[in-house]
C-alpha cells in the first residue's frame, strides 16, 4: 500500500504515477487472437471443437454444444429459496432501472416545413460472454442480459467455457431468470469469433458484451466494427472519499470489496484526517486476516492500494477527476457537494450507508462500468449498447425550395456537382 | 453496374455476394500505424515534425504548427455572401437538431427508499480529424464540431494535414463558424496519435472523431480504449427504393450523388418496374456525361452500382435490412409504410422531394453515419458521442436494511466475502 499526503514534496509526481499505472498485463496476445479468429472464420464449428478440446479438455460432440433451456430452468428451481429470492430482487430492480433508460423516438416538423426525427430500435441479436471458473458471476449475467432484453433484443446468446465439461449452475439459473435464448458451451477468443462471424451451428450476432480474460478482450477489440462491443475493460478500481466520522472497519471493508476481485484491482482512500488514515490501514489488516479471499485481497492492497491524506476535501475533486475511477464512494457530511465537482466517474455511491457492493448486485444501475480512466469518455453498460438510432428526413417541394439552394451552394463549393444536381432537378433548374 | 431481378434463378446467391462485399482496401497498414503511434508516444512533437516533413513536405517549425483563430475568422469573412449564408443556415439547422438530442439527467427515489440516477456530462476535450485535399469538406467540419460544442465540450481541437503548407480556406471558415478552439497543421496517423497521447505542444483529448484515409482509420481503431472514437467507417452507400412514378433523371442524380464521392462508393436502386429500371440506367449515362466528377462516379457505378427489380415492394424491406445501408431513400406513394419495416439504416429520406444531398448539408441530422452494414448495430454521430453518463446510488439505513440482505446472499454465493462484509458491518451484523 502506498501512503501519500498532498503536503508531501513529491506528491504531484507520485500521484501522477498512480494515475498513469494501467495495471494491465503486458502479454501481447494480438497475434494469437488474430490466428484464432481466422481459424473460426474459415473452419467454423470444426475450429470451435478443436479449441475446446485443447483449452477446456472436452469433446463438444460428446458433451453437447448447448445447454438447453430446461437445464437452465431446473438450475433456477433448484436454488435455495433465499438465493432465488435474492436473484429475483436483483433482476426486478435492474429491469426497473434499465426500463426507465429507454430512449424516446423523435418526429417533428420544423419552421421550414422539414419533417425530422429519429427512431431507436434494438439490434436483432446480441451475444454475451460469460467467463468460466472463478469469474463466472450470476450478477454479471443479469447486468448484461437484462439491458439487452429491456432494449428489445429478440435473440440473446450466451457463450461460456465449461472446463472439463463442468457448468456453473448459478450462472445457468441467472440465464433462465434473465430470459437468455441460447447457451453455448464454448469460451475463449474462438467463442467471440463464432458470435461475430457465425458458424454452421451458431448464427452471428450484432453486438457482443461481457467480461473475459486478455484473449477474450483482445478478440472483442479486433472484432470492433464487425460487430458492436460494449467496451475495452481493464482491472477495476474503487476510490473512497471518507472523513473521520466514518467507522474505520466499514471503510476498510469497502476497500477490500474491490481488492478481493483480482490482484490487479485497485482500492484508493482519500481522507482529510491522518489518524483516520492510520485507523483504516489497521482495520484493513484486521479484516484481511478474517477473509476467505485474503490472498487475492492482500496482493491487491499491497501492490495497488493507495491512501492519500488531503489538507481539505476541497483538494479531492481534482484528484478524483484525474483518477476517473470506475467506482467513487463519498462518505462525508455533504456527499452531494463533492459529487457535483466530480466530472469523471463510472458510478458514484453517496453517503455512509451506500457501500459499493449494493451497486454490484441489487441497487439497479449497471455494474459494468468504465475502468482504467475510461470514465473520462465512456459510460456504464445500458440499453443503448443494444440499440441503434435511425434518423429520418422528409421534405415537400416548399421545404426543398426553402433549404435546397443552400445545399446546392455548399455542394458546388465542395466540388460535388451530382449532389447539387439531385436538388436542382427537383426545383426545375 | 450489376442488374438483378428477384425472379432470377441465382438471385439469392448474387444478392448475398452484394451484401458480403465490403469494398474495402486489403492493404494492411496495422504494423505501419503501430510504429507511427509508438514514435509519437515516445518522441512527441519531434515525431510530428519528422512525419509532416516526410508526408506533407513542409517544416512545421517554419510554416507554423497552428492556424490561429484570426486566420479562421478572416477566412469566414472572406467567403462570398451566398456561401457564408449557406454555411450559416447549415450550422443553425444542425445545431437545432442536435440540441434537441441532449439527454436528460435522472434523479429519483424508488419504493425501497433507494435514490437512483444518472448524470450526463461532456468530455473535457475532443479532437476532430479533417482530411486534407479533395476530402476536406466544410460540411464535415460542421457535422463533427457542432455536436461536440452542443454537448458542452470546452476544448475542441482540429488536426488537418496541409500538404506543401497549403490550407483549405473553406474548412477554416467552417471551423470559425463551429467554434473550434485549436487548429493544428498535422494529419495522418501521427496526428491521431498526438491527439490521444498528447505531445509537448498538443494536450491530449478524450474523444477523436472524423473521417480519414486507411492510416487514420487504423490509428483510431488501435487507439480505441485509450480514447473514445466515433466509429469504424468504410466506403459509403445509398439505397434508393423508387417506383415508376418518379422522374428517372432525378433518381439517376440521387444514385450519382453517392457515386461521385469515391470509386468505392456504392449506389443501389430497388424498383418494381423493369422499364423504369431501364430508364434510370439510361439517365445515369446521360447525367454522367455532363458531370465534372464523371470519372469517379463512372467507376463507382460501373464497379459497385446495382439495380434490383422486385416483383413487388413487399420484397424490399428484407433486401434493405440485409444491406443495412448508410442512406436509404424511399420514393414511393407510401414511404412511411416501407420505413416502418426497415430496421437497419443509417438515415432514411422519405418521399419524392427528399434527395439524400439535403441531408449531407442542411437538413439538420448528422451526415456521419454507419457504413458497410454497421447500421445493424451502430448509429450516426450525435451529442452522445461527446458525452458520458455517471450513475449514482444513495441509501439510508432503512434502504440498506431493505435490499442489503439480498446483496449479501449473492456475494456469498459468488464467493466474495468482503462484498458481503461491507454491507453486514453497516447492518450491525
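Counting begins at 1 with the first residue displayed.
Any Cβ shown, glycine's included, is placed from N, Cα and C.
Neighbour density for residue A:261 (substrate binding site): within 10 A of its CB lie 25 other CB atoms from the protein chains shown. Residues annotated as substrate binding site in TrEMBL: A:236, A:258, A:261, A:327, A:360, A:414, A:419.
Residues or ranges marked as Zn(2+) binding site by TrEMBL: A:258, A:261, A:360, A:419. Around the Cβ of residue A:419 (substrate binding site), a 10 Å sphere holds 30 further Cβ atoms from the protein chains shown.
Residues or ranges marked as active site, proton acceptor in TrEMBL: A:326 (among others). Secondary structure from DSSP puts residue A:326 (active site, proton acceptor) in coil. Long-range Cβ neighbours of residue A:326 (active site, proton acceptor) (same chain, at least 6 residues apart, Cβ-Cβ under 8 Å): A:236, A:237, A:238, A:345, A:346, A:347, A:369, A:370, A:371, A:375.
For A:327 (among others), the entry in TrEMBL reads active site, proton acceptor. Long-range Cβ contacts of residue A:327 (substrate binding site) within its own chain (separation 6+, distance under 8 Å): A:236, A:237, A:238, A:239, A:258, A:345, A:346, A:347, A:349, A:356, A:359, A:369.
Look at the Cβ of each of the binding-site residues A:360, A:414 and count the other Cβ atoms within 10 Å; the largest number goes with A:360. Among A:236, A:258, A:261, A:327, A:360, A:414, A:419, the residues given in the record as binding substrate, the maximal Cα to Cα distance rounds to 56 Å.
Residue A:414 (substrate binding site) falls within neither a helix nor a strand when secondary structure is assigned with DSSP, and so counts as coil.
Residues from the set of recorded positions A:236, A:326, A:327 situated with their C-beta under 8 Å of a chain B C-beta: none.
Counting other Cβ atoms within 10 Å of each Cβ, the binding-site residues A:236, A:258 show the lowest value at A:236. Residue A:261 (substrate binding site) carries neither a helix nor a strand DSSP state and counts as coil. DSSP assigns residue A:419 (substrate binding site) to a helix.
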